[in-house]
Each structure stands twice: as structure tokens, then as C-alpha cells.
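> Copied straight from Swiss-Prot:
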type	residues	note
MOD_RES	Ala2	N-acetylalanine
MOD_RES	Tyr31	phosphotyrosine
MOD_RES	Ser34	phosphoserine
MOD_RES	Lys81	N6-acetyllysine
REGION	216-253	region 'Disordered'
COMPBIAS	218-228	compositional bias 'Low complexity'
COMPBIAS	229-243	compositional bias 'Pro residues'
COMPBIAS	244-253	compositional bias 'Low complexity'
MOD_RES	Ser290	phosphoserine
REGION	290-312	region 'Disordered'
MOD_RES	Ser295	phosphoserine
MOD_RES	Ser301	phosphoserine
DOMAIN	307-450	domain 'C-CAP/cofactor C-like'
CROSSLNK	Lys345	SUMO1 cross-link
Amino acid sequence: MADMRNLVERLERVVGRLEAVSHASDTHCGYGDSAAKAGTTPYVQAFDSLLAGPVAEYLKISKEIGGDVQKHAEMVHTGLKLERALLVTASQCQQPAGNKLSDLLAPISEQIQEVVTFREKNRGSKLFNHLSAVSESIQALGWVAMAPKPGPYVKEMNDAAMFYTNRVLKEYKDVDKKHVDWVKAYLSIWTELQAYIKEFHTTGLAWSRTGPVAKELSGLPSGPSAGSGPPPPPPGPPPPPVPTSSGSDDSASRSALFAQINQGESITHALKHVSDDMKTHKNPALKAQSGLIRSGPKPFSASKPDPPKPVAKKEPALLELEGKKWRVENQENVSNLMIEDTELKQVAYIFKCVNSTLQIKGKINSITVDNCKKLGLVFDDVVGIVEIINSKDVKVQVMGKVPTISINKTDGCHVYLSKNSLDCEIVSAKSSEMNVLIPTEGGDFNEFPVPEQFKTLWNGQKLVTTVTEIAG
């Protein structure tokens with residue numbers, strides 16, 4: 001009897017283990033299922049080290065700065081936590097097919113968009129350069145979808161951030177060291193991430209080769225996933241059953257049909273004569289009784305036009321001094337914009353101006369032209385830098401002196417230099433149709449194009465880049 005009891009207990013233990021294995025295999029392998037097993041793989045542990053190191057330092061300094069920078073940092077932190085959850089999922093599950101993979105990546109993608117949108121909604125922020133540095137580089141979180149070279153993609157995003165972090169350094173290096181430390185902490189996130197990818201995910205996110213296939217998101221620790229929609233509606237009723245008939249019925253029907261066809265013209269003898277009182281077109285009473293009868297296809301009718309799309313809300317035009325920043329925004333078809341009474345510590349930010357002309361008198365610290373079209377800018381003296389970004393067909397004229405003009409992501413830019421600004425440095429990137437006009441003794445200008453095409457060669461020790469001369 002004791003042997004029988006021991007045998008039953010052993011069988012119960014075996015069944016329990018089998019049920020546990022079965023439950024683990026059927027688990028819906030999403031973010032939420034991974035939380036309890038975090039840190040079981042080396043690359044999840046390494047990512048945790050990144051979160052505890054540069055990310056924690058970035059969050060700490062952002063909190064000290066406060067305001068928009070702190071809010072932005074919290075959004076970035078959410079994106080990194082979503083990425084960690086995906087890494088845990090990948091360490092336990094096999095990679096799903098295309099559509100299912102998109103579902104898994106959707107929360108990260110939406111969080112990236114939220115970070116970018118925050119910057120666009122706060123263009124008037126005093127910490128706009130901080131927000132821009134984050135917004136331009138947050139796309140680096142998308143490395144999980146990049147193959148076979150996710151590392152270089154992150155580096156490219158890091159380089160994009162440096163365009164704005166350099167501004168932060170220039171503005172705060174002698175004013176507040178906290179902002180300098182913020183730049184170092186933020187950029188170190190992406191440099192550390194590059195090293196992490198190189199070690200664990202060189203050719204793309206490393207998925208498990210065993211375990212269940214990862215499915216759509218469900219059960220995020222913070223609540224329902226951002227990317228999941230409402231449950232699908234219940235399926236409709238099944239189609240009515242197709243009437244069935246026996247083989248003998250089909251055979252009989254076919255035989256009857258062929259018999260009628262073989263009758264030839266004699267088949268018309270079975271037709272009944274239709275008298276005039278039975279014809280609709282000859283019997284008005286019958287026509288009124290039966291209503292409109294249409295034979296043949298419906299006549300062509302033009303499709304209804306789509307409802308007009310709502311017109312985008314037009315932002316109000318601005319020309320105002322906010323603190324130490326002149327804001328010139330959303331000006332259209334205005335040819336006499338003027339900024340006077342400037343001070344050395346003031347800056348000018350010109351955004352989304354179209355077919356307009358602005359003159360800035362006096363000496364100012366810096367000027368930024370962002371997302372403008374057909375803008376004419378005339379200024380006296382700038383002690384820092386004039387930057388033209390994301391613009392098209394811009395003309396800039398220097399009346400006094402400026403040390404540096406930067407042209408970035410711009411198509412069509414004419415720079416008219418004065419005699420006092422001939423030593424100006426012109427830095428360009430990702431731009432085209434740039435021309436510098438040099439004054440002559442007669443008061444005219446000679447036009448010189450800025451090179452756009454380059455040739456790079458390996459000389460045995462390093463890459464050597466030269467301007468490509470095109471004979472015309």
C-alpha cells in the first residue's frame with residue numbers, strides 16, 4: 001500500500017512539472033510577460049547598466065534644470081523603458097513576422113513621436129536648444145528595427161544632436177556648468193548605446209532561437225499598450241449553407257435542360273401571347289400601378305466628391321521681444337519687417353516666414369532662420385553666428401560684420417557680404433544652390449558658388465577629401 005502511495009505522489013509531481021512547462025510554452029510572449037524574468041540574459045543586464053549609468057545621470061541633471069527639459073527627459077526615459085521591455089521579450093522569444101513585429105515596435109515608435117511633438121509645441125521655450133538636441137536624436141531608439149547596421153544609425157542620430165548641443169555649450173559654458181554636464185550626460189547615452197550594440201547586436205536585434213514566437217503587445221506593466229486598439233468586433237454570422245442536392249437530381253435537371261434545347265424552334269409554342277392590356281407601355285393604369293420599372297443597368301452617375309479636408313490652423317504672426325529673444329514667426333508677404341533698438345545680449349529667431357523681408361538694425365548676439373521660404377534678411381552686426389536651417393530660397397545681406405554663417409539643410413541661399421565681413425567663415429551641410437556674393441569697387445557683386453560635390457580618396461593612411469571641379 002505504501003508503494004502505491006509513493007507511486008501516486010511521484011506521478012502527481014511529474015504531471016505538475018508537465019503542466020508548468022506547457023503553461024510556459026503557451027505564454028503570450030509580450031512585454032508584460034517579461035518583467036519577472038528581467039536580467040536573465042547578458043544583454044538585458046548590460047542594458048540595465050546603461051540605464052543605471054548615463055541615463056540616470058541625464059535624468060538627475062534634467063531634474064535639476066527643471067521645466068521643459070525635465071518633462072522631455074521623462075518622455076525619453078519612458079522610451080528607454082519600452083525598449084528594455086522589448087529587449088527582454090527578444091531574449092525569450094523568437095522574432096515574429098513583419099506585421100506582428102510592427103505591433104511590438106509600435107509603442108516605441110509612438111513614444112519617439114511624442115518626444116518630437118513636445119519640441120514642436122514648445123518652440124518659444126528658453127531651453128529650445130536642449131529640446132532640439134533630444135528631438136533630433138531620439139530616433140536612435142529605432143535601432144531595434146535596423147539591420148544589418150544598427151550601430152552606425154545610432155551614431156548618425158548622435159551627430160544630429162551635436163548640432164544643437166554645441167549651441168547649448170556655447171551659451172552656457174561660462175554661465176552655468178550644469179548645462180555643460182547635461183550635454184555630456186545626454187550624449188554619453190548614445191555613445192554607450194553604440195558600444196552596447198556593437199557587443200550584443202552588431203547586425204541587428206538578437207532574438208532568441210528557442211521559445212515561443214513573440215506576438216502582439218499585451219499586459220504592459222503601466223497599463224494597456226499605447227499601440228493596442230480596442231478588441232476586434234465579434235465575427236458576423238456564418239454564411240447561409242449552400243443548398244445541396246443529390247447526384248441523381250443534378251443529372252435529371254441536366255437531362256431536362258438538354259431536352260428543351262433539342263426542341264429547337266418548337267420550344268416557342270409553349271410561350272403565351274401577351275395582349276395589349278398586359279403591356280405596361282400600352283396600359284397607363286398598369287403602368288401607374290406598377291410604378292417605375294427600369295430595365296437594364298443603371299445609368300452612370302458621378303461619384304460624390306470627397307468632403308474637403310479641414311484647412312490647417314494658421315498660426316498667428318509674431319514680431320516681439322520675449323526676454324532676450326526676438327521672435328519673428330509666421331510672417332507672410334510682408335516686405336517691411338524691422339527690428340530696432342537691439343542689444344548685444346539679444347538673439348533673433350525667425351521661423352516659418354514666407355515671401356517676406358526683415359531688417360535688423362544695430363548689434364545683436366546671433367540670428368537663426370528656421371523653416372523659411374523666400375526670405376530676405378538684412379542685418380548690421382552679429383557677434384556670434386547666423387544660422388540658416390531647413391529653409392529654401394533665402395537671401396542674407398551683411399551690412400556690417402559677422403564672424404560665422406552656418407547653412408544646414410537648405411536649398412537655395414545667397415549670402416551678400418560687406419567689405420568688413422570678407423573674413424567670414426561659411427559652414428554648410430546637406431545644402432544646395434549656395435552662392436556667396438563679394439562686393440566690388442564699383443558697388444556691384446561678384447557671385448561665387450559654394451562647392452557641393454566632393455571627391456574622397458584613401459592615401460594609404462587617411463581619407464583625403466577635395467572639391468570636385470566641374471568644367472562648364
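From the backbone N, Cα and C atoms, a Cβ is placed for every residue, glycine too.
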> Just give the helix, strand and coil counts over the domain 'C-CAP/cofactor C-like' (307-450), going by DSSP.
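Tallying H, G and I as helix, E and B as strand, the rest coil: 3 helix, 86 strand, 55 coil.
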> Among all the protein chains here, how many other CB atoms are within 10 A of the CB of Lys81 (N6-acetyllysine)?
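Cβ-Cβ neighbours of Lys81 (N6-acetyllysine) within 10 Å number 17.
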> Could you measure between the residue listed as 'SUMO1 cross-link' and Lys81 (N6-acetyllysine) for me? Cα positions, answer in whole angstrom.
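Cα-Cα, rounded: 40 Å.
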> For the residue listed as 'N6-acetyllysine', what is the secondary structure state per DSSP, taken as helix, strand or coil?
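It is helical.
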